[in-house]
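Trainee: Quick one: the structure is below, questions incoming.
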Amino acid sequence: MKLDAVTFGESMAMFYANEYGGLHEVSTFSKGLAGAESNVACGLARLGFRMGWMSKVGNDQLGTFILQELKKEGVDVSRVIRSQDENPTGLLLKSKVKEGDPQVTYYRKNSAASTLTTAEYPRDYFQCAGHLHVTGIPPALSAEMKDFTYHVMNDMRNAGKTISFDPNVRPSLWPDQATMVHTINDLAGLADWFFPGIAEGELLTGEKTPEGIADYYLKKGASFVAIKLGKEGAYFKTGTSEGFLEGCRVDRVVDTVGAGDGFAVGVISGILDGLSYKDAVQRGNAIGALQVQAPGDMDGLPTREKLASFLSAQRTVHQKKGDY
């Protein structure tokens, strides 16, 4: 087997409201898939990359649902473990909003994914991939998953694979802020490409500017840092270059969940395609913009054709403004 990239983490069944209002007011829900790492896997698969996702799911119907949905997206799940214990597949409820941030309630404590151990690491499978994508969520789920994350990143790094890391800061999952900051920054030192949001970077480093945040992680060993600035765009820096890329025009923000995953899809795919860091970040901005205009966690993740059409439309807008 040959994979372009592989990732791991917890995917959950998502039940998202069909009506506006608080979760306590809603009567009907639709079912979907949620999970930062699986979002990225699906996004890269839609762009034609051979993707693998590894995890543990419950021996239940929601676990079956997750596997079948990922297979539909073209993501390889051949090494996902079905739990033989009573640990269930995680799930979440998400409200429907007219725009902005929805209310999300998670049910993931003691989930099957949180029990994944280093003894269950399929090294041969991961070594089939040239790139590893990691987020800061798995090490927050349990001591076992924290050890698993360190083990995988060290093994892939020692094998000469490239590693991208999105901190995906979730304070509610960690025992305390100090542990969160230390662990995420420690793991960032094992990555080649690091993708924090500006608020995450400020929290993790104490720096107040994109330049300061980027310098912090370049000194820790990253070769490329891309900092998400929301609707303003993104800033990137390497050892020899830096730049600011304006955000893409968005007609209406429907749901912000998954925007950061879309950015990661764009940047990773761009680098794997051989684009410059600047052009890869611009692609990240574009896919992030597409994602916030769609209701689901990955509904806006495009095919190559849709991405090309969106980028062409963005260039046309800029040309009319005289920006080029």
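Placement of Cβ uses the backbone N, Cα and C atoms for every residue, glycine included.
Straight from Swiss-Prot, here's the annotation block:
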BINDING   Gly35, Ala36, Glu37, Ser38, Asn39, Tyr106, Tyr107, Arg108, Arg170, Asp261, Asp297  substrate binding site
BINDING   Asn168, Val169, Arg170, Lys228, Leu229, Gly230, Lys231, Glu232, Gly233, Gly258, Ala259, Gly260, Asp261  ATP binding site
ACT_SITE  Asp261  active site, proton acceptor
Trainee: Could you state the whole-number distance in Å separating the C-alpha atoms of Asn39 (substrate binding site) and Asp261 (ATP binding site)?
Mentor: 6
Trainee: Rounded to a whole angstrom, what is the largest C-alpha distance between any two of the residues Gly35, Ala36, Glu37, Ser38, Asn39, Tyr106, Tyr107, Arg108, Arg170, Asp261, Asp297 that the record assigns to substrate?
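Mentor: Output for substrate binders Gly35, Ala36, Glu37, Ser38, Asn39, Tyr106, Tyr107, Arg108, Arg170, Asp261, Asp297: max Cα distance 21 Å.
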Trainee: Out of Glu37, Asp261, Asp297, which of the binding-site residues is least crowded by other Cβ atoms within 10 Å?
Mentor: Glu37
Trainee: Could you check which of these binding-site residues, Lys231, Gly233, Asp261, sit within 10 Å of Glu37 (substrate binding site), going Cα to Cα?
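Mentor: Passing the 10 Å Cα cut: Asp261.
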Trainee: Tell me which of the binding-site residues Gly35, Tyr107, Arg170, Asp297 ends up closest to Ala259 (ATP binding site) in space, Cα to Cα.
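Mentor: When the Cα distances are compared, Asp297 comes out closest.
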Trainee: Below 8 Å Cβ to Cβ and six or more residues apart, same chain only. Which residues does that give for Gly35 (substrate binding site)?
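Mentor: Gly9, Glu10, Ser11, Met12, Asp297 - these are the non-local Cβ neighbours of Gly35 (substrate binding site), listed in sequence order.
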Trainee: For Tyr107 (substrate binding site), what is the secondary structure state per DSSP, taken as helix, strand or coil?
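Mentor: DSSP assigns Tyr107 (substrate binding site) to strand.
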Trainee: Please report the three-state DSSP label of Asp261 (ATP binding site).
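Mentor: In the DSSP reduction, Asp261 (ATP binding site) maps to helix.
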Trainee: So, three-state DSSP: helix, strand or coil for Asn39 (substrate binding site)?
Mentor: helix
Trainee: Just name the winner among Asn39, Asn168 (the binding-site residues) by count of other CB atoms within 10 A of its CB.
Mentor: Asn39
